[in-house]
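Copied over from TrEMBL, here are the features:
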- B:94-128: coiled coil (COILED)
- B:406-430: transmembrane segment (TRANSMEM)
- B:451-468: transmembrane segment (TRANSMEM)
- B:554-572: transmembrane segment (TRANSMEM)
- B:584-607: transmembrane segment (TRANSMEM)
- B:619-642: transmembrane segment (TRANSMEM)
- B:745-768: transmembrane segment (TRANSMEM)
Amino acid sequence: MPESAELYFNVDHGYLEGLVRGCKASLLTQQDYINLVQCENLEDLKIHLQTTDYGNFLADQTGPLTVSIIDTKMRKKLCREFEYFRNHSLEPLSTFFTYMTCSYMIDNVILLMNGALQKKPVKDILAKCHPLGSFMEMEAVNIAETASDLFNAVLVETPLAPFFQDCMSENTLDELNIELLRNKLYKSYLEAFYKFCKNHGDVTAEVMCPILEFEADRRAFIITLNSFGTELTKDDRQSLYPTCGKLYPEGLCLLAQAEDFEQVKRVADHYAVYKPLLDAVGNNNEGKALEDVFFEREVQMNVLAFNRQFHYGVFYAYIKLREQEMRNIVWIAECISQRHRTKINSYIPIL
Amino acid sequence: MGSLFRSESMCLAQLFLQAGTAYECLSALGERGLVQFRDLNQSVSSFQRKFVGEMKRCEELERILAYLVQEINKADIPLPEGETSPPAPPLKQVLEMQEQLQKLEVELREVTKNKEKLRKNLLELIEYTHMLRVTKTFVKRNVEFEPTYEEFPPLENDSLLDYSCMQRLGAKLGFVSGLINQGKVEAFEKMLWRVCKGYTIVTYAELDEPLEDPETGEVIKWYVFLISFWGEQIGYKVKKICDCYHCHIYPYPNTAEERKEIQEGLNTRIQDLYTVLHKTEDYLRQVLCKAAESVYSRVIQVRKMKAIYHMLNMCSFDVTNKCLIAEVWCPEADLQELRRALEDGSRESGATIPSFMNTIPTKETPPTLIRTNKFTEGFQNIVDAYGVGSYREVNPALFTIITFPFLFAVMFGDFGHGFVMFLFALLLVLNENHPRLNQSQEIMRMFFDGRYILLLMGLFSVYTGLIYNDCFSKSVNIFGSGWNVSAMYSSSHATKEHKKMVLWNDSVVRHNKVLQLDPSVPGVFQGPYPFGIDPIWNLATNRLTFLNSFKMKMSVILGIIHMTFGVTLGIFNHLHFRKKFNIYLVSIPELLFMLCIFGYLIFMIVYKWLVYSAETSRVAPSILIEFINMFLFPASETIGLYPGQSGYTLVRKDSEEEVSLLGSQDIEEGHNQMEDGCREVTNEEFNFGEILMTQVIHSIEYCLGCISNTASYLRLWALSLAHAQLSDVLWAMLMRVGLRVDTTYGVLLLLPVIAFFVILTVFILLIMEGLSAFLHAIRLHWVEFQNKFYTGAGTKFVPFSFSLLPSKFHNNDLA
């Protein structure tokens, strides 16, 4: 539906958009975080969360609370909301939702393969998988030994199948290969998602494209930084970069040649968006971690997505914001349970 | 009466509750529902409050109770609800209760766990038997198709199950069999094919009876499958895939004897399990039945306890930490009761030092409490929906009780319809204690809550219907019409008089379609109908013109009286709040403005009615033109209503202008004075410009508002016209058609026509028209009436009362 989304967006997706905006209003506020940080133990945390929109999601918990219980319960709640959105969505919004789940599916597949490599029982790993990315064939992943095996036998009918085009190989999957596979899958996933949004046009493209561009560039930076000191060649490295970001193509070439953090920083200097981000990253102990800086930027973009109406970006932004909120709560809960209060304030506020 | 006119006077009281007795005191207060607590710990977050531990305990109890209720509901045991609500449990009993409940919960969990385990076991065995039964047919079929396996050596006598010959080929034939969820069959088969590259044969058949899914408890369809495969590696993969699709796999017997043996073994075990399961269920039922007896009172008790601790969390501790200080709003009339409640609470706990209270002066605005009964409640709700009245201001609900049904009835005037509505409301009122009505949902509930409003609305509609003389759009001739048709005939008059009057003779009657009655002919009009509109108008073609003129004037008169009354009520407000200058500078100018313009309009209407008779009606001036001329051409030379009118008009006009101008100026000054007076108290910045602006805007708004509001009251006329016309149309379209058919078959047609007529009358005329008249009546009250005096900026008094807690089991609330 090009051009005039305002006219008939609400016919198909108005209900869900209204719903998601309502859900967004229930995100924890700054005051909530201030209160959470003051909690003495996890029980206090639970009581405070009860006064928020989380409600009594921990009410039927008999045993003592642990951080992982809180985490799984929150995930379940998020998953319930997402399932509701998804079940009530119409095309092309439902495709959009499928794209959203793909990233979690990739993570789950990789997690399971890693688990199989280390000979851990499937049940244990399944518990760790993100519920948003679970699918039926998932548990059979460890049958496969090579990437093409994986594709042919297990994933050919899942939404992940199209992303396999350039990672078919007969190499047995060791740890490095799995990591390569993850990044390749993610690259083609991001590119496909980007293309989908771009083709959709309208406000959705205007909102989603910058978010996905940022996501792509973030991956490029992180891949570069993580590849220092590994046996990954520079060509291989370049082949992992998603090409839908702002860095493409010059920035990615430069990044491929980078050899330490200083050089990466120099690449970022060419981009007005990333320069302040990488400048904010401090050395080992002072300043913020690179991840946090990226998260903050992501939160900013996602919050901005709510300023416009009649587009799908709000759903993506809402899920991402919720996830960030969950990370914050888990962080705070961890700090509380480990009595490690000095760093409790380094959660990422959602404004 | 007094309490409905104004909200009750409140005072702020400080309660000093001894730490030991606080719980009992609050319990006593909660039962009585006298006071509203103020949160003294607003800055303290919920988990840092004093009684958070007790709150947690209550929540734990609630959780256990919710579990109990859930289990009891699952077992289909009725939950008896007590008639009386038990008091909050004494503190000593709480621990005991908690212990009891915890023990019960542990026991229950144990038993249900056992039960679930047994059920699962049983289910597995049943599945196994089904599988064995179904796979037997597979094997038979395999045997039939045997010739197709050409690569194998012929197996003449041995069954396929005897796979010794297979071993000779170097490959081991293996079987995996089990059950799979219906929805997953297709994907499962595809995946098997892809992974094993065709080295498997899958046979499956649908199970005819659906079985329960042990994981979700859903009853679904299952498929039984049998996979035959060659080789260890593939077998390993097949098992993996089966795991992935959550198949239930059971060992496959290799020989027919083995199969038989297993089946027999299974049957006996299933029998055993059944008996054990029954015993467990019986025991569980016993436990639950015992629990169900007390669960209702427990739920209520825990709720009350939680409410008490919630309130205690709002109190602050004094310096010595020995006593709790609570601040409450309490109606002054209830202070004695409050003291008694505190004494009761102290006595109950056996404390040596009693809890006590004292009132403290405050400048804060107290909440508004207006006591209602079941009759006035509905009317108060109508007012509250607009805005809860400010503290101690005149409460329009008192007058709404009469004016609301009346204005409604003016629009709904039809005594047939009104009587039906009255009967319906009467039915609700007489049966108001019926439990089904009390628990009814949504729309029925709405009618039920407004039953007294409906009753009065119906009653008043009967009254206005009689005035309009409308019953299902037909007039009723009770007293005999005041018009005499025969007097119009020329034969009834002396010939002398013939020239002056237009009289009827045979040819006139025969050739004219429309005949006109002339009231000036002696004997034709014998005086007005004793009550309401003369029924003869129902036959007249100019009925609508007549009624329109009447209804329009009536609505204007009613509206202006209503609004003037509103302005007058403003005087009571000013008197009560000791703002005398506001009476002189606001209310009186407002009244003058209203009465000099619109009051004068009423005067003209009434004057015209009284002075002009049938004979002089031709020279009667139009009120509308007179009224307009009064503004536009103060000195114009028209024929007035009465001699000397122009002089009066001029004088009136001039004085009125002066008054209104002076008035508004004075209003400004008046408010300045008021602000001066207040300054000492409030120390607020006095801003002359701002006050001036508000007052100017207020005066302009009032003047314009008077005009538009008067026009707004014309909706009374419009809606009453619409209602009358609609019922007229309904009659003409349905009943008249039904009644016109000849007598022999007419009855057959008349029955469905009447049924249809009744249905349409109820849905369109009663419900739809009623709703619209209701809405318009509400609007007239909210906007036109209440904006003359009502601020509605108060907060409602919400007492701490156990009766406000939900007293029923709300399953979703508990679960």
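Note that Cβ sites are derived from N, Cα and C of the backbone, with glycine treated the same way.
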Do the transmembrane segment (B:584-607) and the transmembrane segment (B:745-768) share at least 3 Cβ pairs under 8 Å, sequence separation 6 or more?
no
Chain residues in Cβ proximity to the transmembrane segment (B:745-768) (below 8 Å; excluding those fewer than six residues from its ends, i.e. six or more beyond):
414, 417, 420-421, 472, 723, 726-727, 730, 734-735, 737-739
Mind checking which residues reach the transmembrane segment (B:554-572)? Cβ under 8 Å, same chain, six or more beyond either end.
394, 396, 399, 403, 407, 410, 583, 586-587, 590-591, 594-595, 598-599, 601-602, 605, 706, 709-710, 712-717, 780, 784-789
Taking only the residues in the coiled coil (B:94-128), give me the average pLDDT of this model.
87
